[in-house]
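Student: Next up is a structure, given as structure tokens.
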Amino acid sequence: MNPQAKLIFTLSLTLGTTLTISSNHWIMAWTGLEINTLAILPLISKSHHPRAIEAATKYFLVQAAASALVLFSSMTNAWHTGQWDITQLSHPTSCLILTVALAMKLGLVPFHFWFPEVLQGSSLIVGLLLSTLMKFPPITLLYLTSPSLKPSILTTMAILSAALGGWMGLNQTQTRKILAFSSISHLGWMAIIIAYSPKLALLNFYLYTLMTAAVFLSLNSIKALKLSTLMTTWTKTPSLNAILLLTLLSLAGLPPLTGFLPKWLIIQELTKQEVALAATIIALLSLLGLFFYLRLAYCATITLPPHTTNHMKQWYNTKPTNTMVAVLTTMSLMLLPISPIILAVV
């Protein structure tokens with residue numbers, strides 16, 4: 001892709017995200033969402049592969065439908081209350097329609113079907129953008145409107161997302177699809193807590209972004225798109241592969257790694273809010289996710305491929321690892337001990 005065109009699309013993504021997260025008026029927020037959608041489409045379809053074109057088409061159709069629902073919800077609320085302010089969403093029908101629209105934008109169950117397919121049709125870097133940056137504006141809208149939304153609907157969606165995200169990820173062999181189902185599962189944790197403690201949901205999103213970026217960039221460095229490729233990459237970058245194991249365990253939420261912090265705080269908050277049953281169910285469902293992270297880690301570091309001509313060893317990579325990968329990986333592993341400082345800042 002032309003560097004100038006790539007710069008324009010990247011700047012448009014930044015503009016769209018900034019516009020949505022900083023606006024008080026529904027029309028401005030909707031405009032930001034639309035700019036974001038239109039800026040990411042050329043990046044998804046830049047390879048001109050039929051799967052990439054299909055992914056871009058699916059993404060466009062789902063996001064356009066969700067944006068129309070956001071607009072419909074805000075107009076209905078304005079019609080009944082005379083308010084265009086995002087935080088003044090009070091009409092019950094508008095709240096319900098907005099919940100559906102944001103669930104579609106984020107890829108929450110039962111509106112998750114598009115997400116794994118779109119991620120599979122994109123490159124790893126575009127997949128990273130779709131899993132992190134593109135989720136930020138809808139999460140912000142969810143944060144701003146959380147007092148008006150029904151906790152029962154969000155909790156149901158969250159438990160279904162954690163269940164389906166974990167269950168459907170078990171059988172995958174493509175790393176991008178595994179990370180897509182991982183994203184759906186993590187969104188369940190954000191959705192369950194956003195009605196009770198919106199700041200905790202944002203903290204969860206930030207830490208999820210950090211860990212997912214580390215995994216995506218590591219996989220991009222070793223060019224691993226499927227598990228069979230991952231099995232032979234240990235000869236290329238042994239140290240990065242070893243660290244990838246720990247980053248995946250952090251994403252699974254194992255102590256004493258960073259990923260344990262949001263899960264621990266969310267379960268604690270849910271117990272305080274007297275929804276211990278939901279906390280127990282979602283904690284048990286995270287074991288499904290742990291299984292496929294362990295599977296990824298097993299393929300990356302513990303398994304040796306059969307010594308046949310089908311599995312060519314890759315040349316050892318003498319180039320230093322990207323600094324960004326090093327910083328993100330370190331943060332994905334080391335933030336739990338400084339959790340009091342993080343909580344004081346948030």
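In case you wondered, yes, glycine gets a Cβ from its N, Cα and C as well.
Since we're looking at a predicted model, the values are computed, not measured.
This is the feature table in TrEMBL:
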{"type": "SIGNAL", "residues": "1-20", "note": "signal peptide"}
{"type": "DOMAIN", "residues": "23-288", "note": "domain 'NADH:quinone oxidoreductase/Mrp antiporter transmembrane'"}
{"type": "TRANSMEM", "residues": "56-76", "note": "transmembrane segment"}
{"type": "TRANSMEM", "residues": "96-115", "note": "transmembrane segment"}
{"type": "TRANSMEM", "residues": "124-146", "note": "transmembrane segment"}
{"type": "TRANSMEM", "residues": "152-171", "note": "transmembrane segment"}
{"type": "TRANSMEM", "residues": "178-197", "note": "transmembrane segment"}
{"type": "TRANSMEM", "residues": "203-222", "note": "transmembrane segment"}
{"type": "TRANSMEM", "residues": "243-265", "note": "transmembrane segment"}
{"type": "TRANSMEM", "residues": "277-304", "note": "transmembrane segment"}
{"type": "DOMAIN", "residues": "290-343", "note": "domain 'NADH dehydrogenase subunit 2 C-terminal'"}
{"type": "TRANSMEM", "residues": "325-345", "note": "transmembrane segment"}
Student: Name the range, of those listed as 124-146, 152-171, 277-304, that has the largest tally of Cβ pairs under 8 Å with the transmembrane segment (203-222).
Tutor: 124-146
Student: Taking pairs 6 or more apart in sequence, does the count of Cβ pairs under 8 Å between the transmembrane segment (96-115) and the transmembrane segment (243-265) hit 3 or more?
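Tutor: In this chain the transmembrane segment (96-115) does not contact the transmembrane segment (243-265) - fewer than 3 Cβ pairs sit under 8 Å.
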Student: In the predicted model, what is the mean pLDDT computed over the domain 'NADH dehydrogenase subunit 2 C-terminal' (290-343)?
Tutor: 76
